[in-house]
Amino acid sequence: MAGDSRVLMDHNMEIGVTPAQVKKLPKHLREPQISTERTHLISEPVKKPRQRYVQKDGKCNVHHGNVQETYRYLSDLFTTLVDLRWRFSLLIFTLVYVVNWLFFGFLWWLIALVRGDLVHGDEEGWTPCVENLNSFVSAFLFSIETETTIGYGYRVITERCPEGIVLLLVQAILGSIVNAIMVGCMFVKISQPKNRAETLMFSTNAVISVRDNKMCLMFRVGDLRNSHIVEASIRAKLIRSQQTKEGEFIPLNQTDINIGFDTGDDRLFLVSPLIISHEINEKSPFWEMSMAQMEKEEFEIVVILEGMVEATGMTCQARSSYLDTEVLWGYRFTPVLSLEKGFYEVDYNNFHDVYETNTPVCSAKELATKLRDEPLLPQLPLLSPEPKTQTFDPLDCLSELNPLSQDEKMEERDSSDRGENNGSAAALEEPPIAD
């Protein structure tokens, strides 16, 4: 019976009929199988995902481990409290006040216990240190009222308690210090300028194309707010592994990418989105990279935008990065600025859009060589009815033009002139008459 069903199933598969009842295969058998040969297993290598040094939102993907000198964090306690996450900051904020109130409440209860106010407080003619303080709970409430200056008027300190007066002064001073530190931490944490960086935008991709016959690496930045970033400046770093001539391996070597430091173009007036351009010249790390070579490279471009917030005057920094797969060769950014009636309008729907453009696939070095070796137009005679000119397309790096040099042209012209003159003399010369 089992053999008959197997034969029927094979017959159905041969004629293209799906069996009516086929048991569902296990998951590991339902997954697509890798194509195999008779003796070899062939599979495409899976490319490991690249690890970013800086995330797209600007967060640095670096964790500090095995830090032995943790006391350095306590030496700068204020910055440590500001850098904590919000849940830890709120927890510490609450604990500091509660512990402070409990500590001074315990001291007020201890004074009342030593003086005997807890036992003789209700007797007539007994003057306690703090009136109506008869338990630890009432001492805790008096501590809260003293530090927060609520002053309900039910529990008050008397003038016959010098130790209570000293404790009142100490609590007032320490309470002011605690308020200054904790409120200052919360104020700085709330007004941190890194939140301002949330409205600074970077394009999703960077592009490489030709500008004024020069290869350029470009990306776009923009500000969503009407309040501007004052004294805005931008810089970029190339992060990639490098091996020195001595054999030393540097895993995350940082190289500066010039985006206008020498010309002042790195100073931005960021009112509308701007396209930041890096000219790929002899000093650029991309000078000898062609399109094919860049596809094989592994690198990351970190972009840092800095400036002062116009509303608060605090320094703000926004960061982003581009992996090698996010650098598009042969593209330009779509314009986002248009002129309307009386104002300029920015369309942020096209902020990340790019379009393809005619770009050479060779390196910037090869392109510069072609442009430098471009031949000058030859000086043609005025009487020439059909002047012939030789043109050179700088975008075509594969074109091979081999014009003759000026010396070779002169030699060829002289030889042709000599040939023509010799021919004319021979034609005019009469042959000698034979005797």
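Heads up, the Cβ atoms here are built off N, Cα and C, so glycines get one too.
Given the structure is predicted, the values throughout are model-derived calculations rather than measurements.
Residues or ranges marked as compositional bias 'Low complexity' in TrEMBL: 378-387. Positions annotated as domain 'Potassium channel inwardly rectifying transmembrane' by TrEMBL: 54-193. The feature domain 'Inward rectifier potassium channel C-terminal' is assigned by TrEMBL to 200-370. The annotation region 'Disordered' is assigned in TrEMBL to 378-435. Per TrEMBL, transmembrane segment is recorded for 88-111, 165-188.
Taking DSSP states H, G and I as helix and E and B as strand, the domain 'Potassium channel inwardly rectifying transmembrane' (54-193) has 88 helix, 4 strand, 48 coil.
Same-chain residues lying 6 or more positions outside the transmembrane segment (88-111) and placing a CB less than 8 Å from one of its CB atoms are 81, 117, 129-130, 133, 135-136, 139-144, 146-147, 161, 163-164, 167, 171, 174-175, 178, 182, 185-186, 189.
Across all of the domain 'Inward rectifier potassium channel C-terminal' (200-370), the predicted model scores a mean pLDDT of 91.
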